[in-house]
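To start, the structure itself, in structure tokens.
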Amino acid sequence: MDPAAQTDSHPGPDGHGDAHGFRRRGVLFVLSSPSGAGKSTIARKLLAAEPELGMSVSVTTRPIRPGEVDGKDYHFVDLEEFRRMVAEDEFLEWAHVFGHRYGTPRAQIETMLAAGKDVLFDIDWQGAQQLFQIAGGDVVRVFIFPPSMDELRRRLSGRATDSAEVIEARMARAANEVSHWDGYDYVLVNDDVESCFEGVRTILCAERLKRSRQTGLIGFIRRLTR
Ligand SMILES: Nc1ncnc2c1ncn2[C@@H]1O[C@H](COP(=O)(O)OP(=O)(O)OP(=O)(O)O)[C@@H](O)[C@H]1O
Ligand SMILES: Nc1nc2c(ncn2[C@@H]2O[C@H](COP(=O)(O)O)[C@@H](O)[C@H]2O)c(=O)[nH]1
């Protein structure tokens, strides 16, 4: 990634920052969990609630599921095209997950950051680690636990998008995914969708504030106290 895209301030509508005069840069916001714990569900709610947040749409060699839309849920490609993208260094990170390949295309992230957006990533622990290294540690990583492994299995079955064989493979990998939880900045349990969403949204808001630069703060305070 172009380091300038990652660290530059977004000038905001008045050229000096956001509506309050604060400069800020894009937050790289990662959600990981074992498959089926609910991160896509939380991600959808977060994107609907936060217009300044853009979604990183991954490229995958996995077959498309019923109901998925190419270009919205993923960019679905064959192995040859994925290999071409790797060879031409088009990925910020990529990994083997559940027998398929998944990668984050670099160009869309640069475009969103240049437009002043924060970026949401739904990626596994391998992707979170790679992104952390690329971004020099300036990544917010949230790990979502299911309430129990039985409930995880119920959710994977209830989603009705995968065969029994695929569900078993994902359950078999769940313990491994969970074992990486302590590499994350925040950990939440998705027992209830609404409260998990509120938790994730609170983390995003707090991290945005932490990164705010106070360039316009003095003027803002003067205007307030005039
Ligand atoms: N808190 C919850 N309570 C009950 N069901 C839930 C909850 N959160 C999500 N679900 C349901 O669980 C299923 C799996 O959720 P989702 O697809 O969001 O998981 P995921 O972590 O994104 O999975 P994957 O990694 O495979 O993409 C969906 O059918 C979703 O509606
Ligand atoms: N390292 C990456 N992991 C990714 C990426 N896109 C998705 N994922 C993760 O793969 C699994 C399976 O997803 P599914 O849609 O097949 O259920 C899940 O844990 C995702 O978070 C990526 O670009 N890089």
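Any Cβ shown, glycine's included, is placed from N, Cα and C.
What TrEMBL records for this protein:
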- Ser33, Pro34, Ser35, Gly36, Ala37, Gly38, Lys39, Ser40: ATP binding site (BINDING)
- 11-20: compositional bias 'Basic and acidic residues' (COMPBIAS)
- 26-205: domain 'Guanylate kinase-like' (DOMAIN)
- 1-20: region 'Disordered' (REGION)
Binding-site residues close to ligand 1 - of Ser33, Pro34, Gly36, Lys39, only those whose C-beta is under 6 Å away: Ser33, Gly36, Lys39
Residues satisfying Cβ distance under 8 Å from Gly38 (ATP binding site), sequence separation of at least 6: Ile144, Pro146, Arg155, Asn190, Val193, Cys196
Mean of the pLDDT scores, which run from 0 to 100, over the domain 'Guanylate kinase-like' (26-205): 96
Candidates near ligand 2 among the binding-site residues Ser33, Ser35, Gly36, Ser40, judged by a Cβ under 6 angstroms: Ser35
Spatial neighbours of Ser33 (ATP binding site) that are distant in sequence (at least 6 apart) but have CB under 8 A: Lys39, Phe143, Ile144, Phe145, Pro146, Glu177, Asn190
Other same-chain residues whose Cβ falls within 8 Å of the Cβ centroid of Ser33, Pro34, Ser35, Gly36, Ala37, Gly38, Lys39, Ser40, the recorded ATP site, in sequence order: Ile144, Pro146, Leu152, Arg155, Asn190
Other CB atoms, at most 10 A from the CB of Pro34 (ATP binding site): 26
